[in-house]
């Protein structure tokens with residue numbers, strides 16, 4: 001069904017769908033992480049992480065170096081629980097996608113006009129030799145602001161290291177409009193962040209996914225029958241469910257510089273189900289569109305429950321859907337009940353590898369925990385139609401390249417991808 005703008009109406013993640021979520025499902029549960037995990041750097045907390053990639057989603061190697069980006073905070077200044085107060089985007093590099101070396105902060109000091117740098121994505125600018133664009137969330141506490149933004153610069157490398165230049169001017173891209181997506185006036189618990197930029201293979205246009213909330217005054221609308229879905233007889237929906245209204249949003253780029261954007265209606269909404277659908281991203285495979293997001297146990301609506309982890313939706317009709325929850329419930333990769341907070345902020349790459357960061361690992365003493373702030377073991381995910389399966393555990397922080405970036409054109413990068421696959 002299309003709305004007046006000619007865009008498909010949002011697909012619904014219903015309460016009936018979420019009732020099928022089961023923690024410890026063996027095909028959708030992350031294996032337990034050992035208490036004695038290694039730390040990639042003892043100077044910085046590391047959490048939300050994403051690779052350097054092309055605009056089509058493939059992980060890029062630049063002059064033989066793999067590069068990843070992460071939110072980081074100085075361990076000597078911030079504790080694990082207040083790390084967001086010092087959040088900046090840092091970068092790491094390695095040969096082959098493991099044993100990462102910290103390179104520094106990406107943005108120049110003072111470039112961000114707001115207090116914090118939160119999650120997004122980083123791409124090689126198409127058709128360029130070494131131009132890089134980071135899309136991130138520029139965040140302020142007072143006044144409350146959360147703005148998807150862009151910053152541009154250049155990547156350089158030699159035999160010893162990788163470094164960046166530029167990244168000294170931030171451009172705001174779009175803001176919550178109160179029409180498609182709740183703004184602060186409508187919902188002071190609003191979410192509007194985590195831009196993920198990509199080219200849609202169906203129409204060749206550039207879009208950005210992001211986390212948002214359904215546009216409405218928080219708590220003023222009752223959860224309807226469509227949002228509830230086909231539930232068993234006598235199933236009651238708690239009144240408090242109306243306070244949860246997550247949405248996976250999308251915007252369309254209006255120029256080649258990717259600095260001007262138009263907001264479109266949400267792709268998926270979770271009104272009455274969950275209040276957060278963070279870091280949405282997309283994988284196109286075998287004619288299907290897989291939409292992934294992450295969410296918390298703590299953000300589920302009253303009367304529902306599920307683990308921290310990855311949730312997903314699949315469309316047989318391209319990026320605008322309609323979507324159905326993967327595995328019937330939406331759960332793709334959850335934490336085990338024995339370690340419910342072991343990992344978070346999973347990112348599913350186009351090769352099926354899933355990276356995340358370690359959060360909190362319990363010891364044999366139930367009163368003793370170890371905070372992570374480092375990358376978790378990488379998981380291999382198999383996507384088969386409307387189902388997903390956990391199949392392998394790789395090394396800690398293993399993020400290998402899929403293509404070698406070549407400056408000439410996109411066709412040469414396709415050839416480089418085949419070369420890497422054949423190695």
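Quick reminder: no glycine exception, Cβ is built from N, Cα and C everywhere.
Source: prediction; values computed, not measured.
Swiss-Prot has this to say about the protein:
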- 47, 48, 119, 193, 194: sucrose binding site (BINDING)
- 48: active site, nucleophile (ACT_SITE)
- 194: site 'Transition state stabilizer' (SITE)
- 278: active site, proton donor/acceptor (ACT_SITE)
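The Cβ of residue 194 (sucrose binding site) lies under 8 Å from the Cβ of 118, 119, 120, 137, 148, 209, 210, 211, 278, 279, 280, each on the same chain and at least six residues away in sequence.
The 10 Å shell around the Cβ of residue 47 (sucrose binding site) contains 24 further Cβ atoms across the protein chains shown.
Within 8 Å of the centroid of the Cβ atoms of 47, 48, 119, 193, 194, where the record puts sucrose, the same chain has further Cβ atoms from 71, 118, 120, 137, 278, 279, 345. Note on residue 48 (sucrose binding site): other Cβ atoms within 10 Å of its Cβ, all shown chains, come to 23. When the Cα positions of 47, 48, 119, 193, 194 are compared pair by pair, the longest gap among these sucrose-binding residues is 16 Å. Residue 119 (sucrose binding site) counts 27 other C-beta atoms within 10 Å of its own C-beta, drawing on all protein chains shown.
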